[in-house]
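The next block holds one structure in the form of structure tokens; read it before the comments.
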Number of protein chains: 2
Amino acid sequence: MTIARTICLGFIAVISVGTILLLFPITTSDGSWNDPITALFTATSAVCVTGLAVVDTGTHFSFWGQLIILFLIQIGGLGYMTTNTFLLLVIRKKFDLRQKVAIDQSFDRPFLQGSRNLIISIIATSLIFELTGFFLLTNLFSDHDNTIWLALFHSISAWNNAGFSLFSDSLMSYQSSLQANIIFPILIIFGGLGYQAIFEMFMWSKQKFEERVLNKNTEQIIFSLNSKIVSNTTLILLFLGTVAFFLTDFSNARVFGDLPLHERFLGAWFQSVTTRTAGFNSVDISNMTNAGLFITIAFMVIGASPSGTGGGLKTTTLRILINSTISTLKGKTEVIVYERRVPVNLILKAVGVLCASFTLLTTVTALIAITDPNLSFIQILFEVCSAFATVGLSTGITGSLSPLGKLIIIATMYIGRVGILIVINTLVKASPPSLIKYPEENLLVG
Amino acid sequence: MTIARTICLGFIAVISVGTILLLFPITTSDGSWNDPITALFTATSAVCVTGLAVVDTGTHFSFWGQLIILFLIQIGGLGYMTTNTFLLLVIRKKFDLRQKVAIDQSFDRPFLQGSRNLIISIIATSLIFELTGFFLLTNLFSDHDNTIWLALFHSISAWNNAGFSLFSDSLMSYQSSLQANIIFPILIIFGGLGYQAIFEMFMWSKQKFEERVLNKNTEQIIFSLNSKIVSNTTLILLFLGTVAFFLTDFSNARVFGDLPLHERFLGAWFQSVTTRTAGFNSVDISNMTNAGLFITIAFMVIGASPSGTGGGLKTTTLRILINSTISTLKGKTEVIVYERRVPVNLILKAVGVLCASFTLLTTVTALIAITDPNLSFIQILFEVCSAFATVGLSTGITGSLSPLGKLIIIATMYIGRVGILIVINTLVKASPPSLIKYPEENLLVG
Ligand SMILES: [K+]
Ligand SMILES: [K+]
């Protein structure tokens, strides 16, 4: 079995177990059996850390139902990294070409080759962030009866960028809380950055500490290209998103137009943080202006960083595409990012991710426009992009989708999480590489 | 002055003259002065062969106004090719790197280097198609008073993929006419194919004729990669479009759902032909389903072929992007199309066209969502994509856009026609090419 297939089936297995568990009456607060589509939707949404919900997580599910959801989120969030790493370590065999492609796509991190310690450090990092978040959130939620459970659930959900909330209005009650606007963003941003960037930042901080405070003479930490791109692009996108949302809904009283200026800023900031993959919301999405919704869609599709808990096209893909554009404008034939040349196969992969993603988004949007013709177009496009990029924001239509529409969204969440190229790779039989060297020919483009 | 700048300014000059001419009372049927935005919009739409109209061309403009519009269409349609060719021949100087980039983008057709005869053959081809179309259309329009003028106007408008019609409902009265569903598509498709493909097809037919009928032993015509891609991709897209529109609006009585089956097929076929750049419509666009509108948007953005009279991303760009995706799925590091290797600079150019276009479309859509908040999102997205891809289809909102919205659409039509990379190239000062060779570094994509 190829790695691509293993990843695809692994996710299906976890989702299946989750679906079966969520069917049972013990998982609902009114003790009734869940209908299969609700169970499947919730399990998929949790394992894929998407956060779209057809029912209100906080009221529909019992404590046990919520616990299962939280386990699925944790497995889904950790799984992407550790399962893959584990598979690689266990299987320990030579990979054929087709497997290499799959690994390349799910796992091409030079940094992550080798040791079993890696898995342990990934789990440890997750635990440290989740526990820190938990303690900080107990303070935020101290006026609730079930403070502990709320803090634990939201900390894990935020770190894994899952976007599931036990409040039926997500975090809208905490719109103006400075505390909430700091704790959640930190969990979300670091969770979305990916382990490699976090490790390198940690190593760098440690080295600086040893050098400056302990006066030790240690080796300089050189950031990998991945970490540089991921951290810089994330910062730029966070800034642009804040400005964009601040402007589009500045005077929209149904979002934050009637709040004091600094609270409008907080709302825009939180929306900028959450949109690219987390999926919590501190403002009322369904009342956003078309401009705000459309910019949300654009940011959702861009997504988070690879090897983190987020989805979308990924910041690295975006950066390669932008720098390719700059290269062609300058008449250059190579793509440079931070004084490093980007290999052609990575450019092709970025193009592949983009094209396959747009084809999927277009097809799914058209299909849902057919299955649910009563919905407005922007609601459909929003829902589809949210599902694909495992964001979980919604204009509120998720629960009222037709059964067929729900199944299509389930498939979209799955493909978005596993990775579109990996899914295609599993479905399509690759041909052996050709040894023929074809001549070049010029062509008219654009 | 660079070529890129010459092209940009050339279009502006023609648009300016057209705008001034269209201001005068002699151009309107009621003898009043046109307001500046109407004149500017109409002139830009005509020169850019877009076809979006803020007023009804057939009733608002007098014969003289319509004649000016027709001239602008003819200049705009021919201009792209001949002006460029002419410029190259006249200027006859060495180009610096920056100019080369611009030329590359507007003109990289190995086939079209050299002789002045080329311009003559381009004009001749246009005249032959336009005159043939004219004669055939005199028959179609024979029950009208002004048959000659209608036939001339629509023939030129169709060949140049301009989409301007003198009927206020475009070609909806000819929805079920077999004649209209053959003549218009032939003019539109060949006009959109581009001169190179037409020339090669002509040469090929001539060679086959000489070989089979005259028994001459002539040299085989080898189709260029461009012609192969352009003709095959066009055929595939025509087929897919027909199927898609047939399905999305099959049971939509407000489009063609209440017509006999074969007329529904004709409607879908015409829509498939016209959507990728021509901009006539034989069905009521404003009543299409969301699914139909969205697929129309997708086809509009894909657009026609380079060196033809159409706009959009272009079929060659699409093909390079698709084949890059296939390459990365197969784990290959080079892109092959019809047994020819695609050079890296063309891949980068395709990426550049795609990224720059999507950035523009996103920005403009968000801006119009702000300037015209009362419009539905799909209407805005539809209008913007139609303007950018010089299509000219509309859900009927063009005339009711705010003045600022109209100006934004004018700029979008201009950028879409001139070419986004050329516009950026003119605005941004290119840096001299660097001689530093940077090392490669791996990166996580997707
Ligand atoms: K999420
Ligand atoms: K047009």
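Each residue, glycine too, has its Cβ placed from N, Cα and C.
Any TrEMBL annotation is an automated prediction that lacks curation.
Under the heading transmembrane segment, TrEMBL lists A:7-25 (among others).
What TrEMBL lists as transmembrane segment is A:37-55 (among others). Beyond the ends of the transmembrane segment (A:37-55), by six or more residues, the same chain brings 11, 14-16, 18-23, 61, 69, 72-73, 75-77, 79, 157, 160-165, 278-280, 309, 311, 383, 386-387, 390-394, 398-399, 401, 403, 406-407, 409-410, 413-414, 416-417 to within a C-beta distance below 8 angstroms of the stretch.
Per TrEMBL, transmembrane segment is recorded for A:67-91 (among others).
The feature transmembrane segment is assigned by TrEMBL to A:118-141 (among others).
Among the features that TrEMBL reports, transmembrane segment is placed at A:148-167 (among others).
The transmembrane segment annotation in TrEMBL covers A:182-204 (among others). Under 8 Å from some Cβ of the transmembrane segment (A:182-204) lie the Cβ atoms of residues 77, 81, 109, 111-112, 121-122, 125, 129-130, 133, 136-137, 140, 154-155, 158-161, 171, 221, 223-224, 226-227, 230-231, 234, 238, 269-270, 273-274, 276-278, 280, 304-310, all in the same chain and six or more residues away from its ends.
Marked as transmembrane segment by TrEMBL: A:225-247 (among others).
TrEMBL lists A:291-313 (among others) with the feature transmembrane segment.
Per TrEMBL, transmembrane segment is recorded for A:346-370 (among others).
Taken from TrEMBL, the feature transmembrane segment applies to A:376-395 (among others). Here the transmembrane segment (A:376-395) has Cβ contacts under 8 Å with residues 45, 48-53, 161-164, 274-279, 281, 285-286, 290, 293-294, 296-297, 300-301, 303, 310-313, 357, 360-361, 364-365, 368-369, 401, 409, 412-413, 415-417 of the same chain, all six or more residues outside its ends.
TrEMBL lists A:407-428 (among others) with the feature transmembrane segment.
In this chain, the transmembrane segment (A:291-313) lies in contact with the transmembrane segment (A:148-167); the count of Cβ pairs under 8 Å, excluding pairs fewer than 6 apart in sequence, is at least 3. Nonlocal intrachain contacts for the transmembrane segment (A:118-141), taken as residues 6+ away from its ends with a CB within less than 8 angstroms of a stretch CB, comprise 77-78, 81-82, 85-86, 89, 112, 147-148, 150-152, 154-156, 158-159, 174, 177, 179-180, 183, 186-187, 190-191, 195, 198-199.
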